[in-house]
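**Student:** OK, Swiss-Prot features for this one:
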BINDING   GLU127, ASN142, ASP143  Ca(2+) binding site
DISULFID  CYS26-CYS37  disulfide bond
DISULFID  CYS54-CYS154  disulfide bond
DISULFID  CYS61-CYS156  disulfide bond
DISULFID  CYS129-CYS146  disulfide bond
DOMAIN    33-155  domain 'C-type lectin'
CARBOHYD  ASN111  N-linked glycosylation site
CARBOHYD  ASN121  N-linked glycosylation site
SIGNAL    1-23  signal peptide
Amino acid sequence: MGHFTFISLCLMPIFLSLSGAECYTCPIDWLSRNGLCYKLFDDTKTWPDAEIFCRKHKPGCHLTSIHSEAESADLAEYIYDYLKSEKNVWIGLNDPQKERIWEWTDRSSTNYTSWNEGEPNNSWNKEYCVHLLASQGYLKWNDTPCESLFAFICRCQF
């Protein structure tokens, strides 16, 4: 009995620490990376409609934010592999106040950027939403009118 009690007491902290750990599983057709789930949607929407679509999946879902070169490369590969045609893809970066202050819809940090050369340029004073450029392998960003129709990628934590 003493041996069982000793082992039980030794293992108890392990079980208690695991009970607070969050387990996540992305739906089958979503990309899983670092505790987050990404899903590319091939149908085209305006930027606001794409953001609304993402939010309807689950509280906390948004058009994707991108925070590192590694995350950018993973997403570019995923998009390249699954998009049926060479379409630009909306991400969650925008300029909601139209003051050239870029914000992610999930309110995360904007310390990483990957603008295409010469961007953001706010051409014709109406480019307030951001997409991944198909012509740049989905690695570079461009500001464009929010009413443009593009494919889009959502990011969620399930």
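Every residue gets a Cβ built from N, Cα and C, even glycine.
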**Student:** Around the Ca(2+) site formed by GLU127, ASN142, ASP143, which additional residues qualify by having Cβ within 8 Å of the site's Cβ center?
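**Tutor:** Not counting the recorded site residues, we get GLU119, PRO120, ASN121, ASN122, SER123, CYS129, VAL130, HIS131, TRP141, THR144.
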**Student:** Tell me whether CYS54 (disulfide bond) sits in a helix, a strand or coil according to DSSP.
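**Tutor:** DSSP call for CYS54 (disulfide bond): helix.
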**Student:** If you measure from the Cα of ASP143 (Ca(2+) binding site), which of the recorded positions CYS61, ASN111, ASN121, CYS154, CYS156 is the nearest?
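**Tutor:** For ASP143 (Ca(2+) binding site), the closest Cα among CYS61, ASN111, ASN121, CYS154, CYS156 is found at ASN121.
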**Student:** Using a 10 Å cut-off between Cα atoms, which of these recorded positions sit near CYS146 (disulfide bond): CYS26, CYS37, CYS54, CYS61, ASN111, GLU127?
**Tutor:** GLU127
**Student:** What Cα-Cα separation, expressed in whole Å, is found between CYS154 (disulfide bond) and ASN111 (N-linked glycosylation site)?
**Tutor:** 20
**Student:** Using Cα-Cα distances with a 10 Å cut-off, which of the recorded positions CYS26, CYS37, CYS61, ASN111, ASN121, ASN142 are near CYS129 (disulfide bond)?
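**Tutor:** Close recorded positions: ASN142.
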**Student:** Near CYS61 (disulfide bond), which residues of its chain come within a Cβ-Cβ distance under 8 Å, counting only those 6 or more away in sequence?
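**Tutor:** Within the chain, CYS61 (disulfide bond) has Cβ neighbours under 8 Å at CYS54, ARG55, CYS154, ARG155, CYS156.
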**Student:** Who sits close to GLU127 (Ca(2+) binding site): which same-chain residues at least 6 apart have their Cβ under 8 Å from its Cβ?
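**Tutor:** Residues satisfying the criterion: PRO120, ASN121, ASP143, THR144, PRO145.
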**Student:** About how far apart, in whole Å, are the alpha carbons (Cα) of ASN111 (N-linked glycosylation site) and CYS26 (disulfide bond)?
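**Tutor:** Cα-Cα, rounded: 27 Å.
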**Student:** Going by DSSP assignments with H, G and I as helix and E and B as strand, what are the residue counts for the domain 'C-type lectin' (33-155)?
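**Tutor:** Helix, strand and coil residues of the domain 'C-type lectin' (33-155) number 31 helix, 36 strand, 56 coil.
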